[in-house]
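Each remark here refers to the structure printed beneath this line.
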Amino acid sequence: MAAETKQIKTPSKLRFTIIFLVMAVLYVFSWRGVEADIGSLIEGWPYIRDLITGMWPPNWKYFERILDPMLETLRIAIIATTFGAILSIPFTLLASRNVFPNTWVTNSARSFLNFVRTIPDLLLAGIFVALLGIGPVAGVAAMTVFTFGIITKLAYESVETIDPGPLESMTAVGANKWQFIAFAVVPQALPAFVAYVLYAFEICVRAAAILGLVGAGGIGIMLSETLETFQYQKMATIVLFTLVIVIVIDSISSRIREKLL
Amino acid sequence: MIEFKKVRKVYPNGTVGLDNINLTIHPGEFVIIVGLSGAGKSTLLRSINRLHEISEGEILIDGKSITAAKGAGLRRMRRDIGMIFQNFNLVKRVSVLRNVLSGRVGYHSTLRTLLGLWPKKDVEIALEALSRVNIREKAYARADELSGGQQQRVSIARALAQEAKIILADEPVASLDPLTTRQVMDDLKRINQELGITTIVNLHFLDLAREYGTRIIGLRAGKLVFDGPVEEATDDVFSEIYGRKIKKDELLGDVEEA
Amino acid sequence: MSQTQQAAAPKKMGRMIKTALWLIFFAALYIWSFTGLEVEWKKIMESLKIVNKMLAGIFTPEWGFIWEDEGVLDNMLVTLEIALLGTTIAAILAVPFGFLAANNMSKRYPILPFVEARFPVISWIGKRILNVIRTMPELIVAIIFIVGVGPTAFAGVLAIGLHSIGLIGKLYSEAIENMDEGPMEAITACGGSRLQVLWFAVVPQVLPEFFSFALYKFEINVRAASILGMVGAGGIGTPLLFALKGHDWHRVGAILLVVIIVVFLIDMLSGAIRKRLV
């Protein structure tokens, strides 16, 4: 009986051991690669502590100075989400198999989407800043591409799950592609689409708030400024204000989204 | 021996779950509890191993009060009481053997079981329990690869591996089809007879109750309204327990043995 | 018939007013957004002239830069290491947070039974904490760690490790809330202690999902780690920043190429593993 147990258990144990060893090697390798040093963390802890304690109390007066950059961040997010949403409409339709049965069309649309989604958001921002110069326009451009990727991915997946009945009946009455989209696809997909746009807006506000760290406008510029000049109390004001804005927008938007879906 | 002494259960919302229950169940009995859903069958069963707490009274198992038991003492008492659930309550992602072995957690220190250091004897007990319900060959399959009937047998094997003196079965066949229902009930009956394990089963099929039980207990709105041997449980008695005529879906009907 | 018509008329009016209000709201929002943005069209027009140059550069990457010492590949490796270590730290630290934030756990093992019966305080607090951690952008967290340990990849690891607790902990708590509680009851009924219930009924159910969520976050973190270098926290972001500042588009092209390929491969690999796990 013991032999039987052993025989059956061995393979899974072997696999486990191999995975374990591979992971262990990877971790040791990585630990060295990043030159991880717990000592430096312990040594540097007083500086981090000073930074955090130095942030208190926040400089409330500074609020007036950062209101405009924060509004700029919101403007960037609103405009970019709108552009991203408009751009995503044709691509959503092109990527949906129940709208375009031609796999060549859907596959190329999807490949393009996957490509766009692999590029990290701030990397995009960096490129646009290098191209367009420091300022909000670079932020709008980067965030447009970013929201475009999020919305299209979610939207085409939901378009593919809509009720096929109306699609068939539109085909049956001899509708052309435009009529087909306008009368069968749009009414069904619209609420979900609006919900995804809102969701993208939430992510966009978060991202836009730190865009300034790479020079792309908004509140992030002030953040790196205050940090570099050791004005931690001002920095605290920025961080708190950003948190409040993000949380408020998140809660409003998620409430609307719950109603829509 | 299980003794209920003036047991009363009131839920926080004021509903009375059990109302002054006095009951003695002797070793080796095969007791079936019947009643409408919401009559308190499940509450009664679960109060025996204290998965549900009672509000008043006391429950004694072999003369020891489980109502007063605490911590390790309570766990020690629960170790001797196996339980079988309507939804099997197996961990679906792990092997059948591991599920059965988990019935033996009460016998070893927490540390030892966490490290998976099961004694060889325990593995043998578990495999033996699986043999008893005829699914020894499934020991290394994942639990979710088994059919519903087989899963319920695994949970019976878990109670056997536990070397329980009492088995509580809470609607053990409610999620099964008629054919596997009989197989599971046959298993329970056989174990009851061969090992002399006291078995208490909640059922809503009245013909099954008559066929398998040695004693029937009827509950209605938390009150004990019938307690007697199977022979005395006539159709009239069932109508009395249910407060109305017996419906067709309360009978399993005849099923050909495969 | 006439009654329904009468009732329908004000309803229609109400809907029209509502639509009109929404239109006005959006019109105002966009006017506010666009007029407030300071756009220097002249500068943009000028910079658009270099688009050609940029695209030409990006599509003719500097191949030597990929292979050379301290080049793209070396830095990308560091980026992956940051993501791996950071995600692992977070995946471990998130476990207690996940259990705290799951309302079925705080209900079952109440710390304050009297309060807990009325409102799941512990889970509420746990969820808030995770939310706050998630809201702190990792770049800011990275900057704070840089103050402590200097501009190194280790600061990146710490930043990713701390920030990722937010999302991973939230996903953990959802997995715990969605699991089947039946096995917990079964192990309790067998006479198992709390730890045994956890180990035999909870862990086998949630562990594969925990792994899957950690892998998912790893995918996201590879992207995040590739920009950490822009604030000085190690990895591919640093050479990228230099290449961008110097308008060295051939190098930007080389970096972009490697980042895109690596991110794509990691997504594929991780996705395949995740499919097998759950």
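Placement of Cβ uses the backbone N, Cα and C atoms for every residue, glycine included.
The feature domain 'ABC transmembrane type-1' is assigned by TrEMBL to A:70-253.
Look at TrEMBL and you will find A:12-31 (among others) tagged as transmembrane segment.
For the transmembrane segment (A:76-100), same-chain residues at least 6 beyond its ends with a Cβ under 8 Å from one of its own Cβ atoms are 106, 109-110, 112-113, 136, 139-148, 150-152, 155-156, 159-160, 162, 164, 167, 180-181, 185, 193, 197, 200-201, 204-205, 208, 211, 217-218. Marked as transmembrane segment by TrEMBL: A:76-100 (among others).
Same-chain neighbours of the transmembrane segment (A:121-151): 72, 75-77, 79-81, 83-85, 87-88, 91-92, 113, 193, 196-197, 199-201, 203-204, 207-208, 210-218, 221, counting only residues six or more beyond its ends whose CB sits under 8 Å from a CB of the stretch. Per TrEMBL, transmembrane segment is recorded for A:121-151 (among others).
Among residues of the same chain six or more beyond the transmembrane segment (A:178-198), those with a C-beta under 8 A of the stretch's C-beta atoms are 81, 85, 92-93, 96, 99, 150-151, 154-155, 158-159, 162-163, 166-167, 169-171, 253, 256-257, 260-261. Among the features that TrEMBL reports, transmembrane segment is placed at A:178-198 (among others).
Taken from TrEMBL, the feature transmembrane segment applies to A:205-223 (among others). Packing against the transmembrane segment (A:205-223) from elsewhere in the chain are residues 65-66, 69-70, 72-74, 76-77, 80, 121-122, 125-126, 128-129, 134-139, 142-143, 146, 234-235, 238-239, 241-242, 245-246, 249: each is 6 or more residues past its ends and has a CB under 8 Å from a CB in it.
The transmembrane segment feature in TrEMBL is assigned to A:235-253 (among others).
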